[in-house]
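**Student:** In case it helps, TrEMBL gives these features for our protein:
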{"type": "REGION", "residues": "1-49", "note": "region 'Disordered'"}
{"type": "COMPBIAS", "residues": "1-15", "note": "compositional bias 'Low complexity'"}
{"type": "TRANSMEM", "residues": "88-113", "note": "transmembrane segment"}
{"type": "TRANSMEM", "residues": "119-143", "note": "transmembrane segment"}
{"type": "TRANSMEM", "residues": "150-175", "note": "transmembrane segment"}
{"type": "TRANSMEM", "residues": "181-204", "note": "transmembrane segment"}
{"type": "TRANSMEM", "residues": "225-252", "note": "transmembrane segment"}
{"type": "TRANSMEM", "residues": "258-284", "note": "transmembrane segment"}
{"type": "TRANSMEM", "residues": "305-332", "note": "transmembrane segment"}
{"type": "TRANSMEM", "residues": "338-358", "note": "transmembrane segment"}
{"type": "TRANSMEM", "residues": "365-384", "note": "transmembrane segment"}
{"type": "TRANSMEM", "residues": "390-416", "note": "transmembrane segment"}
{"type": "TRANSMEM", "residues": "428-450", "note": "transmembrane segment"}
{"type": "TRANSMEM", "residues": "456-475", "note": "transmembrane segment"}
Amino acid sequence: MSSSSIQPSGGTSESDPLTSSPNQDPHGHSTPDVLPDGDQDTESISGHRRQLVPLTNTSTFNGWNNGTTLNDLLFGDSQRLRSVVGRWYLVLTLLVRLPSVIMPLSVLVYVAVASGSGWWGALCAGSVYFGHAISTCVTALYAPWKHYQWGILAQTVVQVAAVLWLVQALVAQAHDPFGTWPWYLCLLVGATSPQLGIATRLRWPSILREHKDLSLTTSTMRHEAVMDALAMVLGALVAGMIAITAGSLVGIMVGSGLLVLSTTVLLLHRTAGLPVWGTALWVPASKRLNNAERRRRRARRFVRFLPMLGGGWLGLLWGSVQIGLVYFAASFDVVESIGAQFAALGLLSAISAVITAGFDVRRPWNLWIICAAAAVLATMLMSVPSGPFSMLLVLAVIGAATGPTLVAVFGIVPLISPRRLTVGLSAITHVLIQLGLAAGLITAAGLAGVGGYQTVALMPVLASALLLATAFLFIDRRRRVPMDIPRSARRSPPV
């Protein structure tokens, strides 16, 4: 049975999406809806027509109404998804992300302290982040493979060997701190560390297709963005506490062990055997398209690229803030507390991301502009703090501005993309975030050699300004380029 049709944004049809009948051809037969760029909907609806929520509401925030409780507002997406996969899988989507935060921060702190140079710390940690970007690309290559779990397992085994090699090299290099630190081994560790956050993103389309409930696609994207924000605070807090109590070198090994444990649980979960679906990165254009249609598709692809670029600027902001913390903490001789201080940014980022996801923002591009503008103002405060406590307050303000931006960037993707491209484009966004983190660390560390901390403090301002400019460019191009709303943009039914 075909699903009800919904008119794209700006359409002229007056039919009610709650009561309209399926599309019909001239002979009276039902025909399936077609998604943008030729992505035909093959959704299977079980037994009865699912009630759809009309897209006529023009408000920016859609989550609060007379029947909405605070619990629904904050945890509405989790409640919907819990009915599909259970509570523990949602917890697992958070735990699998922690190693990707713990290991780079531990490398940054250890190398910066042992070498006495923020540059070497930034280069080694940036190499880990760059390796994570490579690992994400590798995961995307074997993700469509039927037995992709073996790829994750192989990466994990190689990662353990790479971490042992790195730890041995770091201990040996600590006896000669003025020599060349093994940044290439950090790159190897990052490249061999499977990005399990991407693995959970890639698994959602298969889970929803198995349960015949693809209307929850947008909820899964918001949930994954919130988990990214929560992992930032928990991972930074764990890395900071380990650095203070046992040393950052132990933090590297703890991150590796947690990655092995997370991989084991993820591969043994009951959803691991589901058929792979919805991981395409590109929809090939038909050779019969005329030049005007090809230009229109190129324009659409550029619009879809802008939110991904916004993710890259977010990574650049976070990376430059991390290295700024190194030089700021070094002036107070508290470098080991960098992880705990960065957790302040992550904490407010996570809280604001949860609240934003609960409000179910209908136009996330407006939220992107508002929060990017707030980030510009917040990052300007980085040159103000005179002590660790005042820096914590500044980091909290930056986190409150960047958390909703992360949710907005990932929330835009399913609204402007064919459903089968949603997960792939989200993976590209994750790659650009990792590249931004690496670039932010290395570039800001290079600037520190020129003008010290006050010069480093300008880097987050530049990154947030680029984030805001990209948001304005997206708004402008979106108004000029017609972007049909795919089925993945349908609002999820209330709990």
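Any Cβ shown, glycine's included, is placed from N, Cα and C.
TrEMBL entries are annotated by machine, without manual review.
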**Student:** Test the contact criterion for the transmembrane segment (225-252) and the transmembrane segment (119-143): 3 or more CB pairs under 8 Å, pairs 6 or more apart in sequence, then answer yes or no.
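**Tutor:** By the criterion, they do not touch.
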**Student:** Same chain only, please: residues at least 6 beyond the ends of the transmembrane segment (390-416) with a C-beta under 8 Å from a C-beta of the stretch. Say none if there are none.
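**Tutor:** Sequence-remote neighbours of the transmembrane segment (390-416) are 217-218, 221-222, 224-226, 228-229, 300, 303-304, 307-308, 310-311, 314, 317-318, 321, 325, 328, 341-342, 344-353, 355-357, 361, 364-365, 367-368, 371-372, 374-375, 377-379, 381-382, 384, 422, 425-426, 429, 460, 464, 467, 474, 478, 483, 485-486, 488-489.
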**Student:** Within the same chain, where does the transmembrane segment (88-113) have neighbours whose Cβ lies under 8 angstroms from its own Cβ atoms, ignoring anything closer than 6 residues to its ends? I mean 6 or more beyond.
**Tutor:** 78, 81-82, 120-122, 124-125, 128-129, 132, 170, 181, 186, 189-190, 193, 195-197, 199-200, 223-224, 227-228, 230-232, 234-236, 238-240, 242-243, 247-249, 251-252, 254-256, 258-259, 262-263, 265-266, 269, 271, 322-323, 326, 330, 335-336, 338-339, 342, 437, 441
**Student:** Name the range, of those listed as 119-143, 365-384, 428-450, 456-475, that has the largest tally of Cβ pairs under 8 Å with the transmembrane segment (181-204).
**Tutor:** 119-143
**Student:** Which one, 119-143, 365-384, 456-475, has the most C-beta pairs under 8 Å toward the transmembrane segment (428-450)?
**Tutor:** 119-143
**Student:** Which sequence-distant residues neighbour the transmembrane segment (365-384)? Criterion: at least 6 residues beyond either end, Cβ under 8 Å.
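**Tutor:** The answer is 60, 307, 310, 317, 321, 324, 356, 390, 394, 397-398, 400-402, 404-405, 407-409, 412, 454, 457-458, 460-461, 463-465, 467-468, 471-472, 474-475, 478.
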